[in-house]
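Student: Structure provided below as structure tokens; questions to follow.
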Amino acid sequence: MSNEHPTGHPPPTPEPLAAPPGAGAAPGCAAHEEALREAAAFWFTRHRDGELDTDEAERFAAWLAASPEHEREYALLDYLWKAADLMPEPRLRALAEAHAPRAGRRRNATRALAIAASLVVAAGAAWLWVPLPFGAEQYATVAGERRQVILADGTLVELNSRTRLEVRYRDQQRQVSLESGEAMFSVTHDPARPFVVDAGKGRVTVTGTRFDVRRDPAEVRVAVESGSVRVEGQRNAATRPLLAGDAVRIASDGSVGAIAPIDISAITAWRQGKLVFNDAPLADVVAEVSRYRAAPVRVAPAVAGLRLSSVFRADDTDALLGVLPRMLPVQVRALPDGSREIIPL
């Protein structure tokens with residue numbers, strides 16, 4: 001994109017923020033959302049133009065790390081910036097003029113902020129002009145890999161290790177098929193087109209929220225961080241409504257279990273590259289660790305029921321296996337095929 005402002009006027013620029021955006025405004029309210037978007041627009045422009053000095057770079061990094069909302073809004077802005085090239089120029093110009101940030105702030109004669117801020121503030125309108133893919137899009141990760149994907153509607157999907165999913169857009173519905181693994185969804189609100197995740201034996205339906213779905217051979221687990229979702233299994237006629245902090249498991253036969261509270265920060269710690277175990281059976285620890293390794297880890301039945309509570313780095317499972325004999329009465333041996341086996345002392 002060129003650096004000429006489409007309206008011919010220099011755009012206003014927000015001052016750098018000394019505090020996280022939305023401070024003093026409740027998350028989810030209009031003031032909070034506007035402050036968040038304007039902050040993302042400011043940092044995006046400064047970063048894109050290469051104008052960050054050392055102090056600002058540190059403040060930007062701190063702002064980005066302060067909240068998942070910040071990371072999502074910044075990633076969405078980056079997508080919108082790239083998507084703007086797909087818009088007809090008259091519509092792009094009209095969008096910038098209609099949603100230009102308010103005057104009264106320091107000015108900067110770059111086109112970047114004009115389009116950046118206007119696209120962020122008017123993100124909902126922007127999607128009316130970005131073509132959505134109606135074919136299937138497939139995303140996958142290998143052992144030890146994590147990946148973030150911004151879908152065409154602005155939804156952020158974070159894929160955990162060994163995850164495979166397919167995305168399809170319909171006229172009345174946004175569909176995701178989670179074939180294996182685990183993903184965190186930060187869904188863009190759209191009541192007219194529900195967002196549906198099909199995980200084989202169960203299905204999750206939302207209009208806009210943040211939730212995690214994990215599909216293993218034996219079961220599917222759904223956990224909600226914010227908002228609400230509806231969960232249904234193949235054997236259950238009724239749907240189960242889940243709120244923030246709730247989780248439910250769907251068995252391999254399609255039956256939905258009871259709703260239970262869950263520590264959402266612990267089960268989604270993989271997004272920060274961590275494995276968190278709270279009084280977990282060693283068998284569960286081994287199953288989780290194996291997802292991050294090229295060769296599996298096996299555990300002898302005699303020690304599979306031992307319990308473990310600790311936090312480990314997901315990208316260094318060798319360290320976990322190395323320290324395990326100091327935490328539990330076990331030993332870890334390497335096998336010729338490259339796998340590891342945990343056995344009693």
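Going from the start of the chain as shown, residues are counted 1 onward.
Cβ atoms are placed via backbone N, Cα and C, with glycine included.
For 8-19, the entry in TrEMBL reads compositional bias 'Pro residues'. Annotation source TrEMBL lists compositional bias 'Low complexity' at 20-30. TrEMBL lists 38-75 with the feature domain 'FecR N-terminal'. Among the features that TrEMBL reports, domain 'FecR protein' is placed at 138-230. The region 'Disordered' annotation in TrEMBL covers 1-30. Among the features that TrEMBL reports, transmembrane segment is placed at 112-130.
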Student: Quick one: mean pLDDT on the domain 'FecR N-terminal' (38-75)?
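Tutor: Residues in the domain 'FecR N-terminal' (38-75) carry a mean pLDDT of 79 in this prediction.
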Student: Using DSSP, tally how many residues of the domain 'FecR protein' (138-230) sit in helix, strand and coil.
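Tutor: The breakdown for the domain 'FecR protein' (138-230) reads 0 helix, 56 strand, 37 coil.
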